[in-house]
Structure formats: structure tokens, C-alpha cells
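What follows is a single structure, written as C-alpha cells, with notes after it.
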Amino acid sequence: MLPRGAAPGPPRGAGRGRPARRRQGPRGVRDRAGARGPPRAGLRGGERHVIQPIAFAPPRPAGKEAPARVALVTLGCAKNLVDSEIMAGLMARGGFVLTANPADADVAVVNTCAFIGPSQKESIDRILELAALKREGVLRGLIVAGCLAQRYQSELLREIPEVDAVVGTGQVDAIARVAHRVRHGGAAILEVGPPGTAVDLASHRAVSTPRHLAYLRIADGCDFRCTFCIIPKLRGDLRSRPFESVLEEAHRLAEGGVKELLLIAQDSTSYGEDIYGTARLPELLRGLAAIDGIEWLRVHYTHPKTWSEELIRVFEEEPKVCRYVDIPLQHVTDRMLRRMRREVVAVEQERLIETLRRRLPEIAIRTHFIVGFPGETEEDFEALLEAVGRESYDHVGCFAYSREDGTPAGRMGEQVPERTKLERRRRLMAAQRDLAARVWGRWVGRTVDVRIDGAVPSRAGSFIGRVEQQGYEVDGVTRVRAVRGAPEPRAGERTRVRIVRARHYDLEAEVTG
């Protein structure tokens, strides 16, 4: 069964070509964990990202059939966005024209998220919105791809009959073929296999981020078996990309003007273990740092268990590796870490954070926690609050535990009441907000480099950028104001600024002369 709240539709084929009463789906639940960046569509949990056209979509010509148009909507994380970029490239090569507006498309593809309950409900809500367009005759076809497709497969076809095709996480390479079949009608298509069968299709990718930065997926899947996590069932075991393949894509991105690479995986620090017998992230970072044109390398999704002395040395020695790291810790007490099956104890986590602080004084540490996990006591939660209060971290995200079918934690006793989970999340985020005010308040008066991401359309002379210690779309931003006599910042360039104000998660700065 689909998650509760997803209402089934009319029988397949009902309502085609004529208006129908809109079915009410579940309300989207957005969980913006952690510090927020600028309010734009993107990668934070639950938000929508529509892949922008990579080819001009001309008006539909009269009297002859136009090229098929496809709209691609992405929900969820950066890894999902990379899948969507690959699908966009494949469909463009398959003769489709991409459009940003689903109402102007022949076929819509929703690349879904299924990590936790709220993200599943948001995915279903978006599917139902597009299903309404199909019932009204606006869309010819509707394809569901990604993690929700992998998890629910034929149930999506059965319970939402407007869906024409379901494409799993390992069948990304089939998207153009499936879209052509859907456009011309016919039986429903179920294109789902075991997770982990996706081929390396990076050469087909249509990058949708600003020209100066791009995500670089170095692996997919995960060998850890955390009790709360459904990802191995949706993405399979760890599958690292070959070393040469990653470097080849990075060279290609650099030649296209990319200056900042954001390394992503389910578990970045285990990169290479499955194909080389040892982790090769340190070597990979050195190889990427040698590429002309690349200026910043930012590492996301590391695991505290798989950090090494060699990796810390790379952060010390390679100036292109940002003094920034993402280490989801999930909790800080041994009792909770055991129940979560994190394969690490509290003292190991503390030692890692202390080592990074001592050897890399400028580093910003981003982490995530789960509150309300089964069996979490008030004492466990107070330990979490204390850790945040010690200023061990610079950016903190928080999820209230979501009970997921098919996970060991979902079968555990001692489930925490929903009200308690939400209250603990509120308290932790309040502590995090106070932390952010202290951490970023110390930046006032400093003169630093900022990477400019773009201009603020509504304000002349105003720009959005990030210092090295701010991650793209997941953290705060630096709002830059040009001053008379100083060169105006340009997107992608590094600009020297003076920090004049801190507003919790964001910084405000002026260009220096």
C-alpha cells in the first residue's frame, strides 16, 4: 500500500479528455532541516526543482506535429537532482524538448523521494497535481521515477491510474524509450529492477545548477545498515564510480566553466572500497585538485566511522578542498548510536570533531540529528542539546524520527509520541538558532573571499554569495552589496568583501575597494 493519505483515483482511462473533480491528495509536508539558504526551489527536503529547459522550447507550430515536450520535476536530495540531469540529457538526445512548465508539456516526469514519510507524502502530492492535468487533457503522459517508484512499483500504477509508467532507480537509462512509448499511449509500463543496476551515464548529463558549480556523484548506494534507513533497499549496496570516470567528468565540467565541485554519495568516505578494496577519497580529492579551473572542492555525506588520517591530511594540504565538511552524526549517546546501528561510539565522534577543530581551525562542520528515535529518553535528548550548545558544529539540521515500514527501527518498541518528537525538534532547532547567532556573529569585521552565485533581481547592486564555510542551498548565504568605486561582482567569481552584519544563518557584506 502507498503511504496513508494517498487517495486512489478513478479506474484507468476514466476522465480522459474531459474535466474531472480534482482528487485531494495529502498536503505536502516540508521539513527544512537545519539552516536555510535563499528561498528558491532546490534541494532541501520536500522542495520542488523543475529542470530548466536545455533547449529553447518554441511555440507549437500549427498544422504539423511539434517535437514532444517533457517537463521533469525533481523532489528530494542532490543525488536525485543528478539523476534528473542525466534523464534530461537522455531525453534531449532522444528528441524531446524540455520545458519548465508541466502545463506546456506532453509528458511529465516526477523524480520522487521516499526517504521519510513527509517526503513520500510530498512526492505523492505532486504526482496527484500532475494527474489532474492529465485528466483535464493537458498532459498526454505521466511517468513516476526515483525512490518512490523503486519502493512502491506496481502499487503506484494500481492506486494512481493516471500514472502511465514507473521507472526505478536502476533504470534511468530507459527514460527516453519509456517516454516515447508513454507519449504514444498503450499499456502501463513498469520499468523497475533490483536497485543498484544503474550504469554510469554522466556523459549524458544536462547540468541544471548555476554555470560555475556542479554536483559530482562519486558513488551510489550504501553498505551501512542503519536501523532507521530505507536507502539501501532503494539504492542498493555501495557502488563507487571508477576513479578515471570521476576525473573524466570533472575535467569535462571544468572545461564548461565549473569552478566548484560538490562531491556527493550516500557515503562519500567509503568511496572506492567496493572496487579497489580500500577507500580512495583522499586520492580522488588530490586528483580533482590538480584539474585546472577547479577552485573549490566541497565534500558532502561523510560517515564518522570511515574518516581516516590520510583524509584529514588532504584537508590540511590541499587549498582547493574547502574548509567545510558534512558529517551526519544522527545522535551523540552510545545508547542511541547502538539502537541506530551506526557502527560508531560517542567517543569516536567526539574525537573526530576535536581533531578537525584542532588541525583545521577554519573548518565549518555541518551535521544532522534525529530526535524522537525509538527509546530516546529525555536524558539522551539533553545530551544532544548540550553537544549543540558546546559549539561543536557550525550548521545543524534536524529531523523528527519518521517510522518507516521495512526498517528495523519501525518494528522497535518504545516509540516516542509524535508530540514529544516535534517538541524536541523545536527545542533543538531553537538551540541551533542560538548557536548560529554566536558562530556567525564572530565573522563580523572580517575581510574574506565570497563566491558569487548571482545577482538579486529586485535589488540593484545586491548579490548572493557564499564564503568557503557555507554549502550551496543547504546553509545560509552571504548577501553582498556593491559599493561605489569597487568592481561589481560577477557570478562564479570570488570577490573580496568585508562582513558587516550577521543575521543568524546569513551574513551581510560589502565589496572592498
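Backbone N, Cα and C atoms are what each Cβ position is placed from, and that goes for glycine too.
Under the DSSP three-state reduction, Cys113 ([4Fe-4S] cluster 1 binding site) is assigned to coil, being neither helix nor strand. The number of other CB atoms found within 10 A of the CB of Cys113 ([4Fe-4S] cluster 1 binding site), across every protein chain shown, is 23. Here TrEMBL flags Cys77, Cys113, Cys147 as [4Fe-4S] cluster 1 binding site.
DSSP classifies Cys229 ([4Fe-4S] cluster 2 binding site) as coil under the three-state reduction. Taken from TrEMBL, the feature [4Fe-4S] cluster 2 binding site applies to Cys222, Cys226, Cys229.
What TrEMBL records for 68-184 is domain 'MTTase N-terminal'.
The domain 'Radical SAM core' annotation in TrEMBL covers 208-438.
Sequence annotations record features per position, and here TrEMBL assigns domain 'TRAM' to 441-513.
According to TrEMBL, the feature region 'Disordered' maps to 1-46.
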> What is the number of other Cβ atoms found within 10 Å of the Cβ of Cys222 ([4Fe-4S] cluster 2 binding site)?
Replying inline: 21
> Using Cα coordinates, what distance in whole Å links Cys77 ([4Fe-4S] cluster 1 binding site) and Cys222 ([4Fe-4S] cluster 2 binding site)?
Replying inline: 15
>> Summarise the domain 'TRAM' (441-513) as counts of helix, strand and coil residues per DSSP.
In response: 1 helix, 34 strand, 38 coil
> Counting every protein chain present, what is the number of Cβ atoms, excluding its own, within 10 Å of the Cβ of Cys229 ([4Fe-4S] cluster 2 binding site)?
Replying inline: 21
> Quick one: mean pLDDT on the domain 'MTTase N-terminal' (68-184)?
Replying inline: 92
> Quick one: which residues besides Cys222, Cys226, Cys229 have a Cβ within 8 Å of the [4Fe-4S] cluster 2 site's Cβ centroid, in sequence order?
Replying inline: Phe224, Arg225, Phe228, Ile231, Pro232, Gln266
